[in-house]
Amino acid sequence: MKYQSQKVAAYYFYCAMALFAAQVTFGLVLGYIYVAPNFLSELLPFNIARMIHTNALIVWLLLGFFGAAYYLVPEESETELHSPKLAILQLVLLMVGASGAVVGYLFRVHEGREFLEQPLWVKLGIVAAALIFLYNITLTVLKGRKTAITNVLLLGLWGIALFFLFALYNPANLTLDKIYWWYVVHIWVEGVWELVMASILAFMMLKLTGVDREVVDKWLYSIVALALFTGLLGTGHHYYWIGTPGYWQWIGSIFSALEVAPFFAMVVFTFVMVWKGRREHPNKAALLWALGCSTLAFFGAGVWGFMHTLAPINYYTHGTQVTAAHGHLAFYGAYVCLNLAIITYAMPHLKNRAPYNQVLNMVAFWLMSGGMAFMTFTLTFAGVVQTHLQRVNGEYFMDVQDQLALFFWMRFGSGVAVVLGVLLFLYAVLMPRKEVVTPGVKTETVPAE
Amino acid sequence: MSEGLTASKARNIFYGGSLFFLVVFGALTVHSHFYAVNTSTNAEGLTDSVVHGKRIWEENSCINCHTLLGEGAYFAPELGNVWVRYGGRDDPEGAREAIKLWMQSQPSGIEGRRQMPQFNLTDEELDALADFFKWVSEIDTQNWPPNDAG
């Protein structure tokens with residue numbers, strides 16, 4: 001840690017990890033309700049548990065992004081944060097909002113659009129927190145060195161805040177409601193979040209591999225160009241069947257098929273950087289998470305997204321377990337792995353130690369990723385069978401679901417593996433061993449950062 | 001990565017191209033907005049009752065179990081065409097009664113069966129919800145879903 005104010009990142013990461021634990025716990029409960037539907041059916045109905053599962057995910061990922069920004073911006077800008085106090089205030093605001101929302105959900109206090117269930121006061125709190133954040137980070141960047149990484153990161157974070165404003169607009173006409181709802185949901189995860197993802201990965205490649213900044217910058221701009229060129233019009237793949245014009249079937253199919261490109265570019269980028277890199281960085285676990293991130297994002301968001309994005313295919317698969325399969329691996333690969341990568345990289349610096357518990361951390365990676373991959377496979381099979389029985393044969397929804405029981409049991413099993421992986425990860429990151437681990441026998445040619 | 005491409009060229013392509021695609025997307029959104037209002041949905045049929053029905057749909061977070069036009073959770077049936085599935089095109093009163101009866105008889109409590117909560121809606125609220133389902137079923141969705149099963 002070169003700058004004292006980077007320390008605030010640690011608090012963001014702690015809160016992110018706490019919500020991560022909550023998210024997967026509720027995920028496990030939901031997976032269990034699928035196989036034992038009477039479980040908690042009065043106390044915690046499926047819709048309430050799912051709200052907490054998805055909202056906790058979104059908030060902890062955002063906390064991770066904010067933490068990552070507070071960690072890397074001072075280092076990139078070569079200056080202290082404008083105001084660490086404001087950063088803490090922002091975190092308190094977000095945590096009060098998040099815990100208020102969760103407690104409210106348990107008592108059935110919520111709004112009703114998917115993922116945007118936060119009551120209005122929480123939404124306004126999120127906007128206020130975002131404004132504080134943007135003010136703080138923008139001033140930091142302006143007073144220090146400007147780099148491609150901070151440029152792209154800042155643009156992504158501004159985009160997150162701006163497009164969130166559409167969450168406040170809820171027209172009575174359902175088709176209009178859905179058109180603008182996707183402005184938040186799609187343009188976040190398949191647009192501006194990719195900017196955040198690419199810039200954090202670029203920062204990690206710079207630190208972990210020691211490749212020249214010029215090379216990293218070129219990759220970074222090329223990747224984010226691909227992301228927005230395809231992702232903006234790629235929104236069209238959500239405009240097939242909601243009352244929007246038929247031309248979206250062409251535009252959505254073509255551009256969303258191309259959305260694979262930025263994810264593929266990120267795979268090539270990370271692997272080429274590691275291959276070309278001169279540096280033997282001691283934090284092998286962080287490198288594993290970073291490579292795992294680009295690879296699993298390519299499969300989850302890219303390949304699994306492409307699988308059902310063409311309109312003639314989506315006509316049959318839309319809103320089946322195929323979508324669930326894609327959603328799980330895409331979020332895990334692109335954004336969960338990204339956050340766990342930067343947390344794994346930054347925590348030793350924030351604690352002022354050499355990288356620790358690396359083997360445990362790497363075991364956690366394989367357990368979590370193996371679990372998520374298996375979950376994706378089971379849901380994909382469930383979705384394909386569902387598509388055939390329900391959309392082709394016309395059997396009724398619940399009759400079809402009963403025939404999918406085996407897949408849902410296997411999904412629950414994979415969920416258990418994921419939760420164990422998460423617990424292992426939290427232990428590895430939060431509980432440094434007393435003795436410092438020495439980083440093997442390889443000699444380092446370039447000092448690690 | 002080709003040698004001719006420098007970081008600053010890549011940056012300019014990124015900014016210029018993104019702006020271009022943002023403008024195109026914005027223009028298509030405006031067109032789609034008017035298409036939705038004028039062509040694909042029944043703007044005049046958007047009565048107070050339908051709007052109330054949508055609010056009830058939201059207040060009870062139906063979307064976190066059901067899908068509506070394919071979006072939502074995948075735990076319970078698609079409801080964008082529930083009106084059609086219940087025969088509302090031929091017998092609107094019968095469909096309305098069937099939907100209301102279904103809502104009133106939940107949860108079933110049957111062991112091993114997915115449970116829908118009891119939302120304790122008044123008769124007027126149930127009517128509004130049914131009106132909302134009817135209105136949604138009339139949206140021109142490019143013939144989605146493929147069949148009545150939803």
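Cβ coordinates are placed from backbone N, Cα and C, and glycine is handled just like the others.
Residues or ranges marked as domain 'Cytochrome oxidase subunit I profile' in TrEMBL: A:1-430.
Among residues of the same chain six or more beyond the transmembrane segment (A:12-35), those with a C-beta under 8 A of the stretch's C-beta atoms are 41, 44, 46, 49-50, 52-53, 56-57, 59-61, 63-64, 66-67, 70, 91, 94-95, 98, 102, 336, 339, 343, 346-347, 350, 405, 408-409, 411-412, 415-416, 418-419, 422-423, 426, 429-430. Positions annotated as transmembrane segment by TrEMBL: A:12-35 (among others).
Counting residues 6+ beyond its ends, the transmembrane segment (A:55-74) has Cβ neighbours under 8 Å at 2-3, 5-6, 8-13, 15-20, 22-23, 26, 80-81, 87, 90-91, 94, 98, 101-102, 105, 115, 117-118, 133, 137, 140-141, 144, 149-150, 153, 157, 160, 193, 196, 200, 203, 331, 335-336, 338-339, 342-343, 346, 350 in the same chain. Residues annotated as transmembrane segment in TrEMBL: A:55-74 (among others).
Here TrEMBL flags A:86-108 (among others) as transmembrane segment. Beyond the ends of the transmembrane segment (A:86-108), by six or more residues, the same chain brings 5, 8, 11-12, 15, 19, 22, 44, 48, 51-52, 55-56, 59, 62-63, 66, 70, 117-119, 121-122, 125-126, 128-129, 132-133, 135-136 to within a C-beta distance below 8 angstroms of the stretch.
According to TrEMBL, the transmembrane segment annotation covers A:120-142 (among others).
Sequence annotations record features per position, and here TrEMBL assigns transmembrane segment to A:149-169 (among others).
The transmembrane segment annotation in TrEMBL covers A:181-206 (among others). Under 8 Å from some Cβ of the transmembrane segment (A:181-206) lie the Cβ atoms of residues 65, 68, 72, 76, 113-116, 148-150, 152-153, 155-157, 159-160, 163-164, 166-167, 213, 216-217, 219-220, 223-224, 227-228, 231-232, 234-235, 238-239, 259, 262, 266, 269-270, 273-274, 277, 286, 290, 293-294, 297, 301, 330-331, 334-335, 338, 341-342, 345, all in the same chain and six or more residues away from its ends.
Counting only same-chain residues 6+ beyond the ends of the transmembrane segment (A:218-241), those with a CB under 8 A from a CB of the stretch are 148-149, 152, 178-179, 182-183, 186-187, 190-191, 194-195, 198-199, 202, 248-249, 251-253, 255-256, 258-259, 261-262, 265-266, 269, 273, 309, 311, 314-315, 318. Summarising the annotation, TrEMBL assigns transmembrane segment to A:218-241 (among others).
Residues 190, 194, 197-198, 201-202, 205, 208-209, 211, 215-216, 219, 222-224, 226-227, 229-240, 287, 290-291, 293-295, 297-298, 301-303, 305-306, 309-311, 334 of the same chain lie 6+ residues outside the transmembrane segment (A:247-274) yet bring a C-beta within less than 8 angstroms of a C-beta in it. Residues or ranges marked as transmembrane segment by TrEMBL: A:247-274 (among others).
As annotated by TrEMBL, transmembrane segment applies to A:286-307 (among others).
The annotation transmembrane segment is assigned in TrEMBL to A:327-347 (among others).
The transmembrane segment annotation in TrEMBL covers A:359-384 (among others). Residues 284-285, 288-289, 292, 296, 300, 304, 317, 320-326, 328-329, 332-333, 337, 340, 344, 404, 407-408, 410-411, 413-418, 420-422, 424-425, 427-429 of the same chain sit 6 or more residues outside the transmembrane segment (A:359-384) yet have a Cβ under 8 Å from a Cβ within it.
The transmembrane segment annotation in TrEMBL covers A:404-430 (among others). Sequence-distant contacts of the transmembrane segment (A:404-430) (same chain, six or more residues past either end, CB-CB distance under 8 Å): 14, 17, 20-21, 24-25, 27-28, 31-32, 34-35, 285, 321, 340, 343-344, 347, 357-358, 360-361, 363-372, 374-375, 378-379, 381-382, 385-386.
Listed by sequence, the residues of this chain that lie at least six past the ends of the transmembrane segment (A:120-142) yet keep a Cβ under 8 A from its Cβ atoms are 66, 69-70, 73-74, 77, 79-83, 86-87, 89-90, 93-94, 96-98, 100-101, 104, 111, 150, 154, 157-158, 160-161, 164-165, 167-168.
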